[in-house]
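Residues or ranges marked as compositional bias 'Acidic residues' in Swiss-Prot: 14-23. Sequence annotations record features per position, and here Swiss-Prot assigns domain 'GIY-YIG' to 67-145. Here Swiss-Prot flags 255-290 as domain 'UVR', drawing on sequence analysis. Among the features that Swiss-Prot reports, region 'Disordered' is placed at 1-23.
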Amino acid sequence: MNGKKLPDGGILFDETDDEDDDANLAATDTAEASRSVAGMDWNAGWKNESGLKGMDLIGEFVKHLPNSPGVYRMFNEAGDVLYVGKARSLKKRVGNYAQGRVHSNRIAQMVRFTTHMEFVTTRTETEALLLEANLIKRLRPRFNVLLRDDKSFPYILITADNRAPAIFKHRGARARKGDYFGPFASAGAVGRTINSLQRAFLIRTCTDSVFETRTRPCLLYQIKRCSGPCTHEVSDEGYAELVKEAKDFLSGKSQAVKTAIARQMNEASEDLDFERAAIYRDRLAALSHVQSHQGINPAGIEEADVFAIHHEGGISCIQVFFFRTGQNWGNRAYFPKADPSLPGSEILNAFLAQFYDDKPVPKQILLSETVEEQELLAAALGEKAGHKVTISVPQRGEKKDITDHVLANAREAHGRKLAETSSQARLLKGFAETFNLPYVPRRIEIYDNSHIMGTNAVGGMVVAGPEGFVKNQYRKFNIKSTDITPGDDFGMMREVMTRRFSRLLKEEGKPDRAQTPTPEEAADLPFPAWPDVILIDGGQGQMTAVRAILDELGIRDCVTAIGVAKGVDREAGRERFFADGRSDFSLPPRDPVLYFIQRMRDEAHRFAIGSHRARRKKEMVRNPLDEISGIGPGRKRSLLQHFGTAKAVSRAGLNDLMTVTGISETVARQIYNHFHESGSD
């Protein structure tokens with residue numbers, strides 16, 4: 001949650017982006033993806049006993065294909081999925097690959113690598129399109145257009161399962177009863193909005209368990225961020241009116257809400273109740289603050305996503321703006337992985353199908369240019385959403401102005417990305433030259449530990465590559481070993497490295513370093529699982545420990561390990577570097593490679609500290625009831641409502657526990673025994 005939890009239970013939301021929201025989520029696991037499609041009736045058509053490949057294989061495969069719609073997959077010799085495609089007629093579409101016509105380099109290479117194919121039929125072409133998009137996202141084939149940085153979008157949730165609804169930031173499935181508003185482009189946008197809504201409507205942000213056990217108002221009530229429904233500082237009717245106003249504001253009726261508050265402010269002034277008038281004035285200012293961050297709020301666009309693409313220099317940027325209830329909920333730039341030779345319209349077409357694979361579809365989608373399968377895409381998304389979806393390219397009026405604005409944003413983001421990518425390529429090349437690497441690294445892993453006297457110890461791993469930091473590859477390691485003494489950084493690093501590379505060996509096997517791809521080939525390959533270089537925050541002692549681990553695992557020749565020791569007085573710019581085959585050395589103070597390494601080390605430090613703080617915070621707020629098997633949120637809430645605190649629960653007798661709603665004799669005895677070692681009554 002992007003906010004600061006106060007000691008007495010309320011939450012103050014801040015306005016920064018929650019950068020690590022998805023950093024600890026593993027990238028889509030290939031085995032899991034395979035299981036998700038294993039239930040489909042995939043048909044290999046025929047048994048390739050003669051070892052055919054390429055055009056010869058496809059030509060034979062076509063003979064066994066039906067004329068019906070469906071999806072096909074192409075595999076290489078190693079069993080990796082090269083491409084997933086869909087067709088109105090499988091026979092005609094796949095047959096195109098086997099004809100002698102001139103293909104693009106990308107298609108020719110894909111055909112040449114193909115050693116096996118499978119297909120599955122669908123009832124309609126729209127079904128085929130949706131299945132294709134789903135498979136591409138999960139299998140991430142090398143030759144498809146791939147959506148990257150596919151983080152879920154945050155929403156604002158106003159709950160409806162309590163007498164006093166609360167307001168929260170929400171991601172994921174909509175399991176909880178309530179009203180959801182969004183999507184917002186970032187956690188920062190949600191934080192800003194909730195922060196202002198707290199000031200404007202005084203809605204609580206505490207959890208239900210805190211709310212039910214309050215005996216006096218919390219700090220948020222004192223600073224006028226909450227109306228205090230927990231202790232009835234506001235009547236239920238008055239609080240319900242505040243919640244209604246908040247919902248109306250988020251539903252697009254902002255002007256009506258502001259007019260009503262302004263009227264109340266004027267009435268208070270006329271009654272010479274200036275203190276109450278000041279409260280209404282502050283509420284109006286908070287609402288204006290929300291709208292000032294929304295930029296354009298077009299009156300003619302009620303619910304729409306607006307997409308624009310700029311394709312140049314081998315990089316595509318797709319910018320999307322979200323409009324809901326006539327309000328702009330923010331924007332985000334995407335840089336899909338695609339063949340540079342593909343036209344922008346084809347990239348945008350493939351992007352849209354994948355984008356909406358797991359996201360709610362609005363009633364209207366506006367594009368900067370026409371895509372090939374516009375009607376089919378609209379029909380497929382409408383079928384998925386359960387309502388009509390229109391996809392159009394505006395030619396005039398307000399919608400055209402909005403689309404042009406989104407396109408201008410796409411061009412600006414594209415220019416920034418192009419500059420960053422060019423700079424990153426130069427830095428990686430300089431890094432390789434500085435450390436005498438045989439090739440430019442594509443994946444660098446940086447490790448750091450964080451703890452306080454050995455408690456809540458966490459190891460952090462961040463990843464950098466040709467396009468900067470790759471946050472969906474970040475990992476945290478909660479130190480589990482009980483043999484590590486407080487402050488034993490060597491022991492912590494040993495555990496982290498052993499766990500990391502043991503799992504990598506199990507899942508990926510050893511990398512083949514004999515076949516290093518050229519820069520051109522590397523650009524077409526998926527991001528590698530194995531690091532080319534690991535950076536360790538430490539000197540000779542840390543490096544000795546790391547080398548010993550790599551030797552034990554038999555991967556010393558697979559990974560280049562480099563130690564980065566802080567300079568005298570821990571001064572930046574005076575770092576010493578430790579690498580195999582050479583004496584330790586320093587870099588000139590203004591060397592770009594030195595700044596690059598410092599930035600990577602600082603990011604690892606930030607991530608490790610953030611993970612440690614999150615673990616420590618979780619430990620501090622842990623409830624003793626959480627440790628009892630069979631006590632879920634519902635029973636815990638009932639116990640706390642009945643007894644007031646967890647300490648009172650621990651002192652309760654067996655008969656007292658049995659009087660609580662939802663607590664049977666068996667569960668009561670389990671709770672009692674947990675807090676009393678003797679287990680007797």
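Backbone N, Cα and C define each Cβ position, glycine as well.
Long-range neighbours of the domain 'UVR' (255-290) within the same chain, counting only residues 6 or more positions beyond its ends whose Cβ lies under 8 Å from a Cβ of the stretch, are 192-193, 196-197, 199-201, 224, 245, 248-249. Counting residue by residue with DSSP, the domain 'UVR' (255-290) contains 33 helix, 0 strand, 3 coil. Looking only at the domain 'GIY-YIG' (67-145), the predicted model's pLDDT averages out at 88. The DSSP breakdown of the domain 'GIY-YIG' (67-145) into helical (H, G, I), extended (E, B) and coil residues amounts to 33 helix, 19 strand, 27 coil.
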